[in-house]
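Peer 1: So TrEMBL says this about it:
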- 1-17: signal peptide (SIGNAL)
- 23-145: domain 'Alpha glucuronidase N-terminal' (DOMAIN)
- 153-472: domain 'Glycosyl hydrolase family 67 catalytic' (DOMAIN)
- E305: active site, proton donor (ACT_SITE)
- D384: active site, proton acceptor (ACT_SITE)
- E412: active site, proton acceptor (ACT_SITE)
- 474-697: domain 'Glycosyl hydrolase family 67 C-terminal' (DOMAIN)
Amino acid sequence: MRACWGLLLLSVSIATAENGSNGWLRYAPLPDNLRQHASSLALPSAIVTLNSTEASPIQTAGKELAAGIQGVLGRSLQVSHDIATASDLSSSILVGTVATYSSAGYGSLNASSFAADGFWLRVNGSSVTIISQNERGALYGAFEYLSRISQGDFSDVDLLSNPDAPIRWVNQWDNLEGTIERGYAGPSIFFSNGLIVQDLTRVSQYARLLASVRVNAIVVNNVNANPSLLNETNIEGLGRIADAMRPYGVQVGISLNFASPDLLGGLKTFDPLESSVITWWTDKTDELYKRIPDFAGYLVKANSEGQPGPLTYNRTLADAANLFARALQPHGGIVMFRAFVYDHHLDPANWKADRANAAVEFFKELDGQFLDNVVVQIKYGPIDFQVREPASPLFANIPNTNTAIELQITQEYLGHQDHLVYIPPLWKTILDFDLRVDSKPSLVRDIVAGRRFNKKLGGYAGVVNVGTSINWLGSHTAMSNLYAYGQLAWDPTQDSQELLQDWTRLTFGLDQSVVETVSKISMASWAAYENYTGNLGIQTLTDILYTHFGPNPANMDNNGWGQWTHADRTTIGMDRTVSNGTGFAGQYPAELAAMYESVETTPDELLLWFHHVSYTHRLRASGKTVIQHFYDAHYAGAETAQTFVSAWEALRGKVDAERFEHVLFRLKFQAGHAIVWRDAVCGFYHNLSGIPDEAGRVGHHPYRIEAESMALSGYSPVAVALAEMASNSTAVVVVVAVTAPTSSNGSSSSSGPAKGEAVAVLDSPDGVYDLAFGYFDVAGGRAHYGAFINDEPLLEWIGDLEDHLGHEFSTKLDGHSATRVTARGVPVQRGDVLKIIGLADGNEAAALDYVAVLPEGVVD
Ligand code: GCU
């Protein structure tokens, strides 16, 4: 590929098509054959919405149906709100609630078969009936109908659909100044400069997407909450947000800062049992409901990661939760009280210390003390959204408390949306997990739905963090996680792959090869990511002291955060047994406690979560040693990630150019970064243990030319501080000469960017190769690279990933900045001269690591 990147990007920007702003709600025209088929069918010719008012979800349902049918079928349908003028109902779409249906004289329905938000959809030829218990349920029914016809399905149906759980919320971690904690898609759509933004168009559009997957409420601000959200101006702003989302039936809630009575109210205390504090919260809550009568409630992170909480006053977490519950109760609001409470100053030298123990230790003794409108919101695993965790044992330990599961759609530990990871298969390992409370079936999904312990409230909270990015999450493919989250919160028994295929048809169209390809790569993605990041339950081996993006196995340990691996030269893993370790295994009901207690019965995928073993310990399933499994899994995972690129490339022309190139760019990045992960993790444990890879791969890169071994001018070798983040621990950087000051104010003149050249004579047999360039793209500069063969331009690229990707960038040469770019299908003759020219820019010294000259089929 002796082509230039710049030219490629130019041709992409000319062929603009879709930008992803409608997500899966595109209402794209059906292909001609299906349109023709549809025109042979008797289809509805009008829409009747019963008793709808301007802000009601029923009115929205009418508008969506009209827009959807127009888009999908090119037919224009009138919407009427008045039964008398409705055209022939036998060829109409009728939308209403059980109450309006019967008061309009269409007969009475069995109201008791509908749960709140549930709907009945009946398609009978040209007559479509959508009836629900409450207004937003009808909107859900309308979206269901539209999803079907958008996928070319016009068959008759008689479907009563009720939610599995009443709470189907999303959480945004948006800060008032406009940033988003763990957000990878630009700044907030809600806040800017301490205030709610004026233009809430995107907030309404977000509500539309949420409603279409039956999410019924949103918490709009960060759990690490700023008390000034509760000032008068911002309460009015929250009212505007609620107004913007109400037509979609999405209620608004907020995260609270527990110390607000002090920090905002000036009370000098935030003791939850102090009467002035109680009055302050009651008044604030009343003020909120005055502006937002359907306000959903509060989300509270207390005594966690430095946030204030009741423990300051020797009050319990239940005292705190109940304070808010009492204030909300008269208005029908609820408190989502987070179980993510732990000490982040643990002593790593203490082998009995365990962050995973914290939730049960804090909450078990409080079971039964929470008021009825409190829901304890529990992260799926005991630590923090890792690539693999066991189900949190807290679900089994508080049977007298309402619970909800917290899932994370924003990919904090899963590649920041720059890696494709379809997460539902991971969520399913938890939702379908049987905790065997009292030796009876106790699936996590039945516990959070309230079924197992007979609770009325419960459900789901998904941390989303959409931003101003036009495609919401920064990545088109990441939207499948948001889609599936809502669908699973409604019905967790749905199949991950079927959900994905529906999403794909709605997002990218009905071409079967597109559906199959997206399905194949997405369904392989979590396993691949687990393979090339951290396996056997050791967690995502990322940089937990900085951004949770690239590899850094070393800094999991020796700090107070408690995401430890306890790896040394011969052994690895947390001993969480009762007999010898932290006792965590004993927090599970008896059958599971016994299973996890023994190394013989613990499933391999959680071995190192529960046990501290030698690197030479053999796994049950494969008989491989732990260390060999690490090596093999990392190689296999990185190899799988390469296949995503070629699979997607085969879809060129079948997906619009804009989204095709956008997805391709990220998949290529992922393929390169998967190799960074592989080499960093394998290199780290190889260096630590001294145990060679049986397959001879780790530490041997016969196809690579290290940059430091090339003939250099302007470039100098540097030892990379985290040795395993660079091939052979060394990169080369352009030496930026300090020019003498030339003016009286001390500024210096520059004669163009500092430049480096690295030259190598290629020694590969004549043939066609992929040439992969390992380099570092750090924050604070846009270095320019050019690669030439025999002085002919081969590839040009810019270190500007920060302009294209969403992850937090690093200023150092490390696992976050290490990346690579590949020129494919390059004819090479032995003796060809390869030259790379790097032009430094700002903080970016055009750092280069290696060039790999790869014969077909070789991944390295
Ligand atoms: C993680 C995450 C934080 C977040 C916290 C939470 O620790 O890294 O950014 O605030 O979880 O869920 O409260």
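Counting starts with 1 at the first residue shown.
Here the Cβ of each residue, glycine as well, is placed from N, Cα and C on the backbone.
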Peer 1: Which whole-number value in Å describes the distance between the Cα atoms of E305 (active site, proton donor) and E412 (active site, proton acceptor)?
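Peer 2: Computed Cα spacing between E305 (active site, proton donor) and E412 (active site, proton acceptor) is 17 Å.
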Peer 1: Ten-angstrom check, please: count other Cβ atoms within 10 Å of the Cβ of D384 (active site, proton acceptor), all chains counted.
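Peer 2: Total other Cβ atoms inside 10 Å, all chains included: 22.
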Peer 1: Compile a sequence-ordered list of residues in the same chain as E412 (active site, proton acceptor), six or more apart from it, whose Cβ lies below 8 A from its Cβ; state 'none' when nothing qualifies.
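Peer 2: In sequence order, R182, F385, H548 meet the Cβ cut-off.
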Peer 1: Looking only at Cβ atoms, how many others are within 10 Å of the one on the residue listed as 'active site, proton donor'?
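Peer 2: That number is 13.
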Peer 1: Using DSSP, what's the helix, strand and coil tally for the domain 'Alpha glucuronidase N-terminal' (23-145)?
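Peer 2: Tallying H, G and I as helix, E and B as strand, the rest coil: 51 helix, 25 strand, 47 coil.
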Peer 1: What mean pLDDT does the predicted model reach across the domain 'Glycosyl hydrolase family 67 C-terminal' (474-697)?
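Peer 2: Residues in the domain 'Glycosyl hydrolase family 67 C-terminal' (474-697) carry a mean pLDDT of 98 in this prediction.
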Peer 1: Would you identify the secondary structure of the residue listed as 'active site, proton donor' according to DSSP, in three states?
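Peer 2: Note: the residue listed as 'active site, proton donor' is coil by DSSP, not helix or strand.
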